[in-house]
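Features of the protein shown, as given by TrEMBL:
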- 38-58: transmembrane segment (TRANSMEM)
- 65-89: transmembrane segment (TRANSMEM)
- 116-149: transmembrane segment (TRANSMEM)
- 161-179: transmembrane segment (TRANSMEM)
- 191-213: transmembrane segment (TRANSMEM)
- 234-256: transmembrane segment (TRANSMEM)
- 262-282: transmembrane segment (TRANSMEM)
- 294-311: transmembrane segment (TRANSMEM)
Amino acid sequence: MNPTANALPAAAERTNLLAKVGPMSKLKIFVELTKPRIVMLELVAVLITLHIATGYGAPGSRWSASLLLAVSVGTGLVAGSANALNQWIERERDARMPRTKGRPLPSGRLSPDEALWFGAFSLAFGASLLMFFAGTTAAMVAVATWVVYVALYTPLKTKTWLNTAVGAVSGAMPLWIGWAAGGGDLLDPLALSIVATMFVWQFPHFMAIAWLCRDDYTIAGYQMSTKLDPSGRWAGLQAVIGSAVLLPVSLAPMVFGAASPVAYAVVVGLAGLVMLATSAAFLAERTNPIARRLMRASLLYVPVWLAALWFCVG
Ligand code: HEM
Ligand SMILES: CC(C)=CCC/C(C)=C/CC/C(C)=C/COP(=O)(O)OP(=O)(O)O
């Protein structure tokens with residue numbers, strides 16, 4: 001199929017669709033454009049790194065409710081902008097995948113221009129909030145993350161299966177926003193171990209999805225590991241390697257300042273072993289049920305890991 005074929009609803013049909021939407025529903029569609037579930041989970045991670053970096057409760061702590069609010073709204077707006085621009089770029093390919101064809105742009109519930117203006121204003125407002133209330137470093141990390149996701153990862157999706165590693169950088173960098181806003185040094189070993197944990201986690205997380213959505217990605221012309229190796233063994237191997245590296249990297253905070261290192265090690269170590277076992281099962285047998293189990297395990301891992309950071313490290 002011609003990858004540039006315009007699979008969007010005709011302009012007249014889109015106008016008709018847009019006419020039916022009231023202001024509140026329109027707001028909901030803009031929220032949908034931001035991929036809110038991904039952004040919310042990312043924000044929880046960002047606020048926990050902020051909490052740890054401020055030395056909450058310690059004398060001279062930088063923690064304050066206004067800083068928490070600025071980092072939440074600022075980072076949320078920049079992340080939402082990144083997802084809006086990603087969908088603006090991918091709107092015609094999204095229209096060809098069952099998983100994404102119901103999104104605001106392919107379905108015609110938003111016009112491309114609306115998404116573009118929303119993305120521009122969200123980026124400007126979010127970066128400004130971070131600049132004025134969380135500091136220049138936090139704002140610069142947020143904008144750099146936006147650039148990696150929108151200008152590097154998104155175009156690479158149709159070029160090389162290595163796009164996933166670039167996407168994982170954009171998925172991990174936001175934790176530096178919280179750390180910088182909390183007054184931490186980006187190269188602090190504790191910060192590096194937290195960011196690295198989020199980076200490696202994304203490989204088992206996405207390799208399961210790359211298998212589950214392999215037909216979608218082929219139809220849309222994306223280059224994923226399951227396109228490179230349709231048997232799924234390469235995706236399975238990346239999931240196992242990612243989970244194997246995740247174990248030691250995620251346990252590093254034990255030596256970099258965890259207040260309760262043993263409790264942290266038990267919780268995060270067990271969660272990491274579940275990820276490794278589920279990834280190994282996926283490598284051994286690439287089936288949809290096993291891949292779904294790995295995706296669910298990956299989505300359970302993050303809240304468990306973040307809770308351990310909050311209670312045992314922060
Ligand atoms: C290389 C990096 C990543 C890739 C390629 C990726 C890809 C995806 C895809 C394609 C889905 C399915 C979405 C759908 O069903 O339409 C998904 C689900 C999800 N991802 Fe990721 N993801 C990545 C990183 C992350 C990160 C960093 C987070 C948050 C910390 C995250 C959180 C989620 C959540 C919460 C879901 C389930 C909710 C939903 O379906 O929207 N992902 N991911
Ligand atoms: C502050 C800031 C800019 C934060 C950005 C955080 C963020 C949006 C991370 C996304 C990670 C990622 C690669 C998701 C997959 O996108 P995809 O396009 O592969 O997903 P899709 O196929 O469902 O569209």
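If you go along the chain as it appears here, the first residue is 1 and each next one adds 1.
Keep in mind that glycine also has a Cβ here, set from the backbone N, Cα and C atoms.
Keep in mind that what you see is a predicted model, and the values were worked out from it rather than measured.
Through the fold, the transmembrane segment (234-256) approaches residues 164, 188-190, 193-194, 196-197, 200-204, 207-208, 210-211, 224-226, 228, 264-265, 268-269, 271-273, 275-276, 278-280, 282-284, 286, 294, 305, 309, 312-313 of its own chain, all at least 6 residues removed from its boundaries and within a Cβ separation under 8 Å. The largest share of C-beta pairs under 8 angstroms with the transmembrane segment (161-179) comes from 116-149, of the ranges 65-89, 116-149, 262-282, 294-311.
Long-range neighbours of the transmembrane segment (294-311) within the same chain, counting only residues 6 or more positions beyond its ends whose Cβ lies under 8 Å from a Cβ of the stretch, are 41, 44-45, 48, 51-52, 194, 197, 201, 204-205, 207-209, 212, 239, 250, 253, 260, 263-264, 267-268, 271-272, 274-275, 278-279, 281-282.
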